[in-house]
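What TrEMBL says about this one:
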type	residues	note
ACT_SITE	156	active site, proton donor/acceptor
ACT_SITE	160	active site, proton donor
BINDING	10, 11, 12, 13, 14, 15, 36, 99, 100, 101, 123, 124, 125, 126	NAD(+) binding site
BINDING	157, 166, 167	(S)-2,3,4,5-tetrahydrodipicolinate binding site
DOMAIN	5-126	domain 'Dihydrodipicolinate reductase N-terminal'
DOMAIN	129-265	domain 'Dihydrodipicolinate reductase C-terminal'
Ligand SMILES: NC(=O)C1=CN([C@@H]2O[C@H](COP(=O)(O)OP(=O)(O)OC[C@H]3O[C@@H](n4cnc5c(N)ncnc54)[C@H](OP(=O)(O)O)[C@@H]3O)[C@@H](O)[C@H]2O)C=CC1
Ligand SMILES: O=C(O)C1=N[C@H](C(=O)O)C[C@H](O)C1
């Protein structure tokens with residue numbers, strides 16, 4: 001079987017390194033390129049040198065060099081970087097797995113448009129556990145739509161730059177859709193001062209940032225006399241990297257189209 005030729009953007013980042021390690025350990029994939037920003041200290045060095053086993057793949061900032069041998073680009077960077085990579089990949093038929101979070105509506109629309117030219121998996125959380133949790137939430141929300149207050153609490157490491165997390169927002173969207181609300185109308189992202197009583201139709205978000213927390217998400221359904229909590233905790237980024245490889249395998253026979261991890265995992 002021909003191995004999947006996968007390049008990694010943000011090669012020196014937390015997820016970039018985890019992805020390179022997962023690719024190097026996979027039987028059916030090879031590291032085919034690595035990108036980082038101009039000026040990044042790792043440029044020119046071997047992308048797998050941190051593993052003590054070189055891949056003979058230098059980290060490049062030039063897309064044409066970094067993506068010359070790639071069929072897939074896995075991108076966990078920042079929205080502005082992902083959108084530049086996407087433009088190049090759409091023009092060159094390179095399939096993309098996008099894990100970056102924090103896109104605005106225009107960014108999401110650009111991803112949907114690019115997916116008409118190349119195949120894309122785009123998901124705020126690539127782990128199997130979170131995606132199964134989304135299904136549980138869809139089911140639970142229907143039973144707790146009246147008489148229960150819905151709050152989403154997430155905690156991440158001190159370096160995370162976007163809030164609430166993409167996963168928390170996705171959880172909010174899934175819950176809202178499941179009970180016939182629009183998250184745009186009911187989301188409450190901050191409370192301070194004299195806020196008044198809680199609007200029963202609202203979905204609240206609370207964000208914690210600290211230390212090296214990989215990623216915790218809890219959805220609280222608080223009723224009278226009881227409360228239900230559905231929690232997912234990540235203890236390693238490997239689950240995101242393994243999910244990304246599953247996404248690449250899923251895209252292998254696709255030419256175009258926009259997919260999420262629910263589709264990859266057969267949870268739709
Ligand atoms: N979908 C999922 O399952 C998951 C999603 N994420 C998301 O992935 C993203 C990255 O997370 P993480 O690895 O922790 O972040 P890091 O900051 O550790 O890594 C980001 C990498 O992207 C590079 N980068 C930054 N800005 C740009 C840009 N404009 N263009 C190209 N490259 C850029 C950085 O380079 P430099 O260091 O030089 O700035 C770095 O190499 C976040 O959006 C996060 O929310 C994270 C985990 C799981
Ligand atoms: O930045 C992170 O670390 C993570 N980001 C994603 C998100 O915003 O949901 C996924 C995961 O929670 C880790």
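Including glycine, each Cβ sits where the backbone N, Cα and C put it.
Here the features listed in TrEMBL are placed on the structure.
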residue: 10; record: NAD(+) binding site; Cβ neighbours (10 Å): 25
residue: 12; record: NAD(+) binding site; Cβ neighbours (10 Å): 20
residue: 14; record: NAD(+) binding site; Cβ neighbours (10 Å): 16
residue: 36; record: NAD(+) binding site; Cβ neighbours (10 Å): 25
residue: 100; record: NAD(+) binding site; Cβ neighbours (10 Å): 25
residue: 125; record: NAD(+) binding site; Cβ neighbours (10 Å): 27
residue: 157; record: (S)-2,3,4,5-tetrahydrodipicolinate binding site; Cβ neighbours (10 Å): 13
residue: 160; record: active site, proton donor; Cβ neighbours (10 Å): 18
residue: 166; record: (S)-2,3,4,5-tetrahydrodipicolinate binding site; Cβ neighbours (10 Å): 18
residue: 167; record: (S)-2,3,4,5-tetrahydrodipicolinate binding site; Cβ neighbours (10 Å): 25
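Counted with DSSP, the domain 'Dihydrodipicolinate reductase N-terminal' (5-126) comes out as 43 helix, 28 strand, 51 coil. Cα to Cα, residue 123 (NAD(+) binding site) and residue 157 ((S)-2,3,4,5-tetrahydrodipicolinate binding site) are separated by 20 Å. The average pLDDT for the domain 'Dihydrodipicolinate reductase N-terminal' (5-126) in the predicted structure is 98.
Of the candidate recorded positions, 10, 12, 36, 125, 156, the one lying closest to residue 167 ((S)-2,3,4,5-tetrahydrodipicolinate binding site) when CA atoms are compared is 125. For the residue listed as 'active site, proton donor/acceptor', the same-chain residues that are 6 or more apart in sequence and have a Cβ closer than 8 Å to its Cβ are 165, 208, 209, 213, 214, 215, 216. Broken down by DSSP into helix, strand and coil, the domain 'Dihydrodipicolinate reductase C-terminal' (129-265) contains 50 helix, 36 strand, 51 coil. Close to ligand 1, meaning a Cβ under 6 Å from one of its atoms, are these of the recorded positions 100, 156, 157, 167: 100. Candidates 157, 160, 166 (recorded positions) were compared with residue 125 (NAD(+) binding site); those inside 10 Å Cα-Cα are 166.
Here the Cβ of residue 123 (NAD(+) binding site) has 27 other Cβ atoms within 10 Å, regardless of which shown protein chain they belong to.
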